[in-house]
């Protein structure tokens, strides 16, 4: 089959700015004619990048959906995109605007008016990963021996993603951003974000609204802020021993800080690093915040660490480009499903690891499935169809009899704990979805539906979206990663199993 | 409202449940049931680094893991190290033995396959005279006429081809999965059987005899060093004398380290369905 | 033309030249499969005796496949220098053999008469030569070519790095390529056989190999061995190909089975000259192998040695940078055992060299052939003595994508050291600079692929 191109969009709605891009993704067969079919995204092209808009708000943090739609539809027009053209896309809602109410509204609006969007939320980890990919840190790390970090720094948070040899190995978030301290051109402090206060206190700084501050003192604070962050990133400071690091970290620290070879900075601060350094308070306060000064403090601070600072491919648009080009993967092409059931959004993942040991002891295997389904029934809505996606990992190759055994226990336990569910969804890490799906269907009967896809790697606590099939057999999938094992989502995001977004 | 707390709660609860379960699993030692051979020439799970002082040690592991090619093997003078050389010879020995081996008769019995032969005669002649492996013996023809349902929708045939080992290793996974798939699509299969000493084009002779709509031949491939157990599935819409190779659809490299056997079985069913729908196979079937 | 002789008390009468040529061959399972081989050793000798007395004119006057019906025959005929042919037309095949092997005959003399020979004459003399004849005769012939660098000089043994991967994984290919380079292999070409025959795949592999070449300033050339049409599509999409590749057959019908004809080769030739990235003037890579015409049922009853010689007659038209016979790949129905493979390897190398081709050999076997790695060791040594331009380098001789065994990186390094051969000059300078080689020998650093990471 000839490679086919699909059009994708990414929309990044942040507290302060909104931007969108349009890209082309090339889906190409990556297996030989003598193998099972397999398709992947072979190429990504950025077709259009919008201007950067102020996010239209009603009140403090409620997005004005009507005005937002005006911006988006206007930009689609400029990009020459009409509703039917879009096959996939990602909307990322970040910062304080990432509330359930906002997200629900926007998802409905966009889905109704401009085709099907696969993703509709973000957490700090996903945001960091998408920004890192959009900034080019993942590709960059293919050419270095050590790890490459991208820190995406906006108004309120710094989301760092670390890549090694092309693979993401960790994300971490700091309370570092350009708008955490707001000042005017005379050095009067207009506002100090509550998010930053613990660090200010731990570092011995006293800042109150209405106080006046000199350029030199403000610069010292910015330098100190950068130092705390980079000390952590370089492994010099350890949270358990350093109160300032603890105060700066938002959510859990990395399991282990890898040795960084390079570091890049994206986001608004990344862009400001490429501009002229502010030399006075009035030059600093052009947007009534510390952004320009923080950017240059960071640039100077980076010179003192053992990793190289390299320019990001993209700065302010890194996240949106990541969202529009990097969020989707393609399932294996031998699957079992009824296309009418798609798209499915925000399915929580319940993961099981099949081991040879379990296969050798069918009684244990049966218990294992039953216990998993029981805990699933406690966690999820037992009447939703499907209530969750069961992910199977572990055995790369399963024999026919093992597969029959597994399908038997899945159907038994599912029917017991989810008797009202009409659809069961299974995601296999290895290539056996069609065979397993066919075995499940034989057992579960024609009245119920089976969705079984494969070659998608997910973890406990991930959420997954499955789009409508492209060219009949390519199922676009977005895995919303919440965690690198131990790390759990901490910043605001709307409730992922919100009924309204299914 | 802080939804993230709920989310965290969810995740933690799932994790707790699963961890509890996992720790309760029995702890008997793992037994490898896949092989009873005493020589484990290639163990894919173990990456041993032999280069004494690589410039980048982690990099070497990455290179070795990126390809089944025998790299990072080091040398003595300009020659390979002894174990590496012997490992190569072991794999070659396995390949040779699978050509001169015979398919396990119990396996064929268990799957309900009776056997006929081609005119291949003996292995040497089989290798030199592929034309003889394309014709079923007269006795075989008589058996097929008598035992097989004529004009079936789907005819499944199994042959040792160049690797008996391939059939022994994969048939019990591919064949039932294929039958399930055929059944799931509401198709009907004819009387299956085994052909000893078959070449791919034996499909044409069988096609003439039984006149199936679609014929699926599961046959042992020429063994390689990576695997001597590799099987192919050749499929053809109405194979008859004069069918050309480009009329056949092929799924190759079926073995646990290549095209996964059970999934291959299921997918062959999908291909058969497409052939029946479009009345074509090979290059005429766009999949 | 006399077709009758008496050997060991028995009279043999042959029908025509085609029969004599077939039966004069050393034993090959492919000729037996085609039903044209000698019945027994005596009949084989009778055919050889008859052939030894036939003249070059006899052969030219009795075309096995007339130029009117076969374009490969036309290409071969068109290339004959009539003046030189006239000088030697009355030579018997025996005299041709003795001329080539004669003490006074060197590279220049052979090069001159080669212009008056057709591929059938080349095949005929080959049938009268022993293995050692083939080694000595070939060793006299030096064919140097230049794509980005020069190879083929006397004393040079080059290697093709063949870092194939079963799913075309670019990192996997690079890994095997780094290993090759670390053993000093890759001066003939970095040549990859793709699994997926698509322009995208070809382009990606060409870009990846080019990137490695540029990053490390490697003086060599790249090539992806997809079908010529796929390569042309990739080149038109901007893929950086130093050379183009195609498998050839010795008959028009055989080439048709490969999906090519002379017009297509001409078109590709034009394209690579205009849009290829190689310096030239030699911008082609051809592969051949005894038996391919029979397997395509396009052999016209002609024996496989003669058909192989005709492949070289066609290849010569395009002044290739490298040609190799994939001697043991096709299977035991054409070359049954190691004896036949070794013979075919020496025949092909000589026949190509005599037609002024830069011959390499893929010294190889499949697992259903009665041969093993020891046989390959033997043939590789024989060919190194015969002055083969290059051999194939595969990690530990095991090609994990094509599923056959060839010669290894270690083997080429060993042959260089034991036979006192060197890599191509520009490449050796680079190897010295990288610290992989010193005074023609591998350094302690050699064999560490991570030096390229």
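Keep in mind that glycine also has a Cβ here, set from the backbone N, Cα and C atoms.
Automatic, uncurated: that is what TrEMBL annotation is.
Now, the feature entries from TrEMBL:
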- C:160, C:161, C:162, C:193, C:287, C:362: substrate binding site (BINDING)
- C:194, C:246, C:295, C:401: adenosylcob(III)alamin binding site (BINDING)
Neighbour tally for residue C:246 (adenosylcob(III)alamin binding site), based on other Cβ positions within 10 Å of its Cβ: 24
C-alpha spacing of residue C:401 (adenosylcob(III)alamin binding site) relative to residue C:193 (substrate binding site), in angstrom: 8
Whole-number Å value for how far residue C:162 (substrate binding site) lies from residue C:194 (adenosylcob(III)alamin binding site) (Cα to Cα): 11
DSSP-derived class (H/G/I helix, E/B strand, else coil) of residue C:401 (adenosylcob(III)alamin binding site): coil
Nearest of the binding-site residues (C:161, C:162, C:287, C:362) to residue C:401 (adenosylcob(III)alamin binding site) - Cα to Cα: C:162
Short-range binding-site residues relative to chain A, from C:162, C:194, C:246, C:287, C:362, C:401, with Cβ separation under 8 Å: none
Densest Cβ neighbourhood among C:162, C:193, C:295 (binding-site residues), 10 Å radius: C:162
Binding-site residues compared (C:161, C:401) - the one with the fewest other Cβ atoms within 10 Å: C:401
Rounded Cα-Cα span from residue C:160 (substrate binding site) to residue C:246 (adenosylcob(III)alamin binding site), Å: 16
Where residue C:162 (substrate binding site) falls in three-state DSSP terms: coil
Distant-in-sequence Cβ neighbours of residue C:287 (substrate binding site), under 8 Å, six or more positions away: C:225, C:245, C:246, C:247, C:248, C:323, C:324, C:325, C:326, C:362
Where residue C:295 (adenosylcob(III)alamin binding site) sits in the secondary structure, as DSSP reduces it to three classes: helix
Cβ contacts of residue C:160 (substrate binding site) (under 8 Å, same chain, 6 or more positions away): C:185, C:186, C:188, C:189, C:190, C:191, C:322, C:324, C:360, C:390, C:391, C:392, C:393
Residue C:162 (substrate binding site) versus residue C:295 (adenosylcob(III)alamin binding site) - Cα distance in angstrom: 25
